[in-house]
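First the structure, in the form of structure tokens, and then the observations on it.
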Ligand code: NAI
């Protein structure tokens, strides 16, 4: 196994459970981007920023007055690092318990079953695999040549989750998932936020109605969102601040002064330079394509996770890891899921599974859409979070569910019901007939399905049919 991220470590553990002998080579720390500086650390900071804002700005409305609320970024970092340590330690424990050997070092593929590992101490070890090699090397932050990372004022996501000082002004290049999640964090902690996005919309590809809710909240709190714009370079001012130059297209330019620039323009796959091309493994712009069983074009070499292509999501990597482990052990398994859900931890959260309305229409499907706002849910009022809605997209002829799009509180947890419904080929009637406990946010899913059928109880069904 080359790579110990959420693809590689899950695949290793499952192989261990299946009594296969596994050596997992990881060049940094088990857990990969996800546990060390991606998914989990960012969610810790997001949750801290949410708590801070709730107490500071929303408490009074509930009758809670917290004077002298303040942020200690050092303490917060220590807390976050503690979570990372617990999780990576947990993975190491699961490796031991399942007989997986961990080797820390840099791996290169030297033959169809041969891997060479260079350790930090300079030793070189050759590993001969009897059955298979799995490539799970993930992806790396894309750097813009005119914004070279300096670890202080020009940073990527890795540094952004480790700041020990809240920037006064933060400019984010890229209005995608990372830019908006971390932008929301530092905005809540008091940074003046500017987001520069190259395309006409934030979070390209996400249902625009969902994105609009997040954008409205960001701008209401003072963020400046500049779309159709590219950051081309910067000059450093005498006081240390940065004057970032923007190309707004059609011959127009602008300059924004900031203290810190977060570059979040995507991730590139780590498939090149591993020795794969030399063995005839197809590597396309760094991606290592694999089929429904996780096989590359060369027998015995498998690939999973970010390195295989979009979507670059931890849970997709893990599921692919499980499938490949079964395949290597000789069991029947395949990447045959209906939908890969995605959760975006902005404020409010967005979570999606399956087709958007536009994607369904592009496929020539006539759709039925059901919606239900959080503002009509008693529980949403009780938790003081009423922005957003549930939206279900179904086939108009059969009422089979095609997609679920949620923007609002706890959307990231609520989407699992949508993903399950899609996997089970549920109809709107199935969701509408399922008793959802009251008072919960999940009732919105049931009501949205019923709205699609024309009879949601707690709103007027003006869009019915
Ligand atoms: P992204 O692809 O989500 O967003 C990058 C954004 O930058 C796009 O909107 C793009 O149009 C814009 N952009 C590109 N070049 C630009 C330029 N020169 N100037 C201005 N804007 C420009 O990539 P991001 O946010 O870096 O995330 C990387 C990956 O990590 C994604 O594949 C995402 O799925 C994954 N991720 C997932 C999370 C989650 O599931 N909650 C959290 C964070 C990351």
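Every residue, even glycine, has its Cβ placed from backbone N, Cα and C.
Here the structure is a predicted model, which means the values were calculated and not measured.
Listed in TrEMBL:
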- 438: active site, proton acceptor (ACT_SITE)
- 43, 137, 138, 139, 306, 312, 313, 314, 315: FAD binding site (BINDING)
- 174, 175, 176, 177, 178, 179, 180, 181, 197, 266: NAD(+) binding site (BINDING)
- 34-39: disulfide bond (DISULFID)
- 2-321: domain 'FAD/NAD(P)-binding' (DOMAIN)
- 340-449: domain 'Pyridine nucleotide-disulphide oxidoreductase dimerisation' (DOMAIN)
Integer Cα-Cα distance in angstrom, residue 315 (FAD binding site) to residue 178 (NAD(+) binding site): 16
Site of maximum Cβ density within 10 Å, from recorded positions 39, 178, 180, 313: 180
Cβ under 6 Å from ligand 1: which of the recorded positions 34, 43, 174, 176 qualify? 174, 176
Looking only at the domain 'Pyridine nucleotide-disulphide oxidoreductase dimerisation' (340-449), what are its DSSP counts of helix, strand and coil residues? 40 helix, 33 strand, 37 coil
Taking the binding-site residues one at a time (197, 306), which has its Cβ surrounded by the most other Cβ atoms within 10 Å? 306
Tally every other Cβ atom lying within 10 Å of the Cβ atom of residue 315 (FAD binding site). 17
Entry from the binding-site residues list 138, 174, 176 having the most other CB atoms no farther than 10 A: 138
For FAD: widest Cα to Cα gap among 43, 137, 138, 139, 306, 312, 313, 314, 315 in Å: 23
Taking Cα-Cα distance, which of the recorded positions 34, 39, 174, 176, 178, 180 are within 10 Å of residue 313 (FAD binding site)? 34, 39
The predicted model's mean pLDDT over the domain 'Pyridine nucleotide-disulphide oxidoreductase dimerisation' (340-449) is 98
Restricting to the same chain and to sequence separations of six or more, state which residues have a Cβ under 8 Å from that of residue 438 (active site, proton acceptor). 378, 379
Looking only at Cβ atoms, how many others are within 10 Å of the one on residue 43 (FAD binding site)? 17
Greatest inter-residue Cα distance in Å for the NAD(+)-binding set 174, 175, 176, 177, 178, 179, 180, 181, 197, 266: 14
Rounding to whole Å, the Cα atoms of residue 34 (disulfide bond) and residue 306 (FAD binding site) are apart by 11
Rounded to an integer, what is the Cα-Cα distance in Å between residue 197 (NAD(+) binding site) and residue 39 (disulfide bond)? 22
Env. residues of NAD(+) site, Cβ within 8 Å of mean position of 174, 175, 176, 177, 178, 179, 180, 181, 197, 266 Cβ: 172, 183, 195, 202, 203, 264, 265
